[in-house]
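Residues or ranges marked as ATP binding site in TrEMBL: B:57, B:58, B:59, B:63, B:87, B:170, B:175. Feature annotation from TrEMBL assigns compositional bias 'Pro residues' to B:332-347. Here TrEMBL flags B:54-237 as domain 'tRNA(Ile)-lysidine/2-thiocytidine synthase N-terminal'. Residues annotated as domain 'Cytoplasmic tRNA 2-thiolation protein 1 C-terminal' in TrEMBL: B:285-315. Annotated region 'Disordered' per TrEMBL: B:316-347, in sequence order.
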């Protein structure tokens with residue numbers, strides 16, 4: 001493959017290619033056992049060496065990053081699939097080993113039943129749940145089974161980033177380990193055995209038919225499979241976060257393998273989430289504040305996981321996903337997965353190359369504009385917003401610029417950058433979200449969209465209600481829906497509606513926009529400084545003025561006063 | 001059913017729907033808005049200040065033709081003057097036909113044209129000769145790697161000859177999207193760190209480069225060329241099927257089918273990538289041989305040519321560039337040079 005820095009041997013190898021592992025070959029590690037599996041590009045391992053290699057990788061990833069403190073409560077997100085089952089098994093074995101090498105945290109397991117989103121019948125769901133319970137009982141950790149329908153009863157606080165405890169330094173980690181070991185000696189062995197084993201904290205009864213119906217309606221109202229997958233992922237994250245917070249877990253471990261993370265990275269690129277790649281695919285993801293998501297399986301390839309599960313009989317449960325049996329071109333996720341796996345077959349270093357590149361990503365805004373406080377966060381994915389002012393010379397600006405030589409009000413997502421819900425300053429002053437000024441134009445959809453990052457906005461465009469209207473055969477299906485804008489091609493307008501969304505999202509959006517309005521009003525009443533900067537303006541507003549004209553703030557003032 | 005009315009002037013019948021927004025526009029309004037958008041990119045990004053002498057990299061292909069045409073329309077408003085610079089890589093059966101198209105354009109638009117040839121600049125090495133030299137090693141020829149690097153040098157040289165202050169190329173949004181996909185697949189953190197913006201400001205003595213068409217999708221470029229009836233050369237380079245960019249291009253086509261805004265989403269992602277400081281290329285100095293911008297003692301063009309001249313073409317492609325006898329430089333070894341090393345589709 002034309003990989004950068006790949007060594008080309010000079011001259012071309014004259015001899016035959018290196019021999020494939022044949023039956024007489026021994027394990028490359030111990031040179032004694034008979035090899036059973038070939039890892040990487042020709043390393044044959046025997047069963048025991050493979051197990052040592054696999055387990056060592058898991059421990060090394062945890063140990064290297066020093067994020068999981070001893071005695072900490074860790075929630076293992078188990079989907080039933082091979083990677084997360086393998087992770088579960090590793091944790092199980094790690095906890096039961098001799099004390100020197102034992103894993104030192106307190107685990108719990110959460111299983112999310114997503115059958116309603118995938119269109120499973122209640123009988124199938126019950127069957128899956130029964131199988132899952134069997135496995136969970138074998139594993140023996142405290143487990144929580146939640147149904148995706150419970151998102152309808154989540155509180156809006158899920159979407160808020162709680163204050164973080166400061167991350168421990170190297171010294172703090174070491175100190176914590178030492179003090180834990182001391183306690184361990186004092187208290188004796190027995191107290192440290194499997195913590196609270198058989199408390200099946202199941203769920204409070206199966207979900208009601210009404211909730212299931214609401215969930216189906218939500219997922220049916222999403223047009224594209226891509227947006228469905230993203231929505232499912234978002235809701236699942238929120239749900240698991242809620243479970244973690246409720247039961248006092250400070251870490252969540254997910255079983256994303258190297259292969260899946262490589263695919264996820266490329267998919268996130270294509271979805272416009274380039275700013276957040278380090279959070280989406282890195283080892284730790286601390287965007288939620290108090291709960292940190294950790295990915296200990298990120299150095300295991302899917303092949304290793306599959307072989308391990310088979311050789312050591314790790315139980316797993318098959319759960320169909322939203323995109324099971326979907327055609328390859330149905331969604332960006334499927335496309336990327338197929339592409340990467342196909343390329344991997346041709347160039348075996350593809351996945352590891354992408355993975356290595358992902359390790360070089362850092363969690364920082366590109367231009368260092370967040371010198372002070374970071375800007376507001378996206379409503380759904382809780383990352384710092386990455387949209388510029390409309391009309392800037394960037395991809396976002398290009399999609400929202402109103403360069404047409406007419407007075408057409410641009411699509412609703414155009415205006416507001418960050419704090420204020422509808423920033424009437426940039427370019428043309430459009431409908432503003434002031435309730436008291438113009439109730440008709442207060443558009444809940446625009447309010448929600450303004451609080452989303454770029455990627456989430458694109459996904460939200462696919463959320464419509466009802467069926468498609470007859471004149472919708474647009475060349476670009478990803479267009480923003482035109483809300484109440486006259487002068488379109490005379491087609492009947494789709495009524496986009498946010499009703500299907502779970503109430504906690506809408507409530508939080510409402511709260512944020514009200515807070516932003518209140519802040520805006522306060523800002524207007526403050527006296528302006530000489531250079532037009534507002535005293536007490538958030539750094540986000542300041543940062544967004546670098547591309548804006550200096551007259552923008554006064555225009556905003558005028559626009560506000562003109563109501 | 002008859003075509004709907006143009007959404008902008010409401011008078012003429014619409015001739016197309018913009019791929020970006022699905023708006024129905026007539027020919028005139030579409031061309032006007034395309035030009036307005038390019039103008040906006042240049043102005044908002046402060047790419048070409050008034051009084052600039054701009055060298056337009058012209059290959060005869062659709063992108064550079066559209067670029068030259070639009071810039072010529074906008075030149076009075078921006079206060080710039082244009083020169084066409086064409087690069088002759090010496091690819092038989094392809095470049096000569098393309099150059100003929102460039103000459104016709106220069107004559108029609110009355111723009112001065114300068115042709116810079118590889119054979120003249122690089123000691124007789126044409127791309128065909130490079131391809132023959134790299135053909136024997138059993139792996140892919142990677143002649144596109146050579147072509148990209150050498151073409152940048154040639155363009156820079158041509159721009160200097162006409163006394164230009166800025167260099168513009170016709171990369172469109174699809175190119176940028178393919179580039180970021182490709183750089184991730186190849187693991188090229190250095191280029192990822194460098195790319196994504198609107199161009200390079202011209203560090204260390206190199207001329208500032210920019211891409212005014214960067215936010216225009218390829219479909220719109222083609223439509224614009226069609227409506228304005230521009231004469232361009234539309235065939236693919238004979239070596240193009242071997243380039244790695246082909247994989248990225250196929251992927252982009254599929255992504256666009258699944259989600260039409262995928263191209264701009266990728267450009268947005270590329271703009272927002274944050275790479276570790278260690279991955280970023282070091283501040284460049286000057287090549288010890290030719291004086292051009294370089295991150296190491298030798299610029300990539302000189303390094304590649306050195307390899308070719310020694311009969312070991314892959315000398316400069318690979319880890320560490322051993323054997324080049326470079327005097328130890330204090331800078332960390334990183335490949336220098338242009339944003340991409342893969343062929344630019346007919347700029």
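Keep in mind that glycine also has a Cβ here, set from the backbone N, Cα and C atoms.
TrEMBL does not curate its annotations; it predicts them automatically.
Feature annotations (TrEMBL) mapped to structure.
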residue	record	CB count, 10 Å
B:57	ATP binding site	28
B:58	ATP binding site	33
B:59	ATP binding site	28
B:63	ATP binding site	28
B:87	ATP binding site	28
B:170	ATP binding site	29
B:175	ATP binding site	27
Coarse DSSP state, helix versus strand versus coil, of residue B:57 (ATP binding site): strand
Structural state census, the domain 'Cytoplasmic tRNA 2-thiolation protein 1 C-terminal' (B:285-315) (DSSP three-state): 13 helix, 4 strand, 14 coil
Predicted model, mean pLDDT over the domain 'tRNA(Ile)-lysidine/2-thiocytidine synthase N-terminal' (B:54-237): 85
DSSP-derived structure type at residue B:63 (ATP binding site), helix or strand or else coil: helix
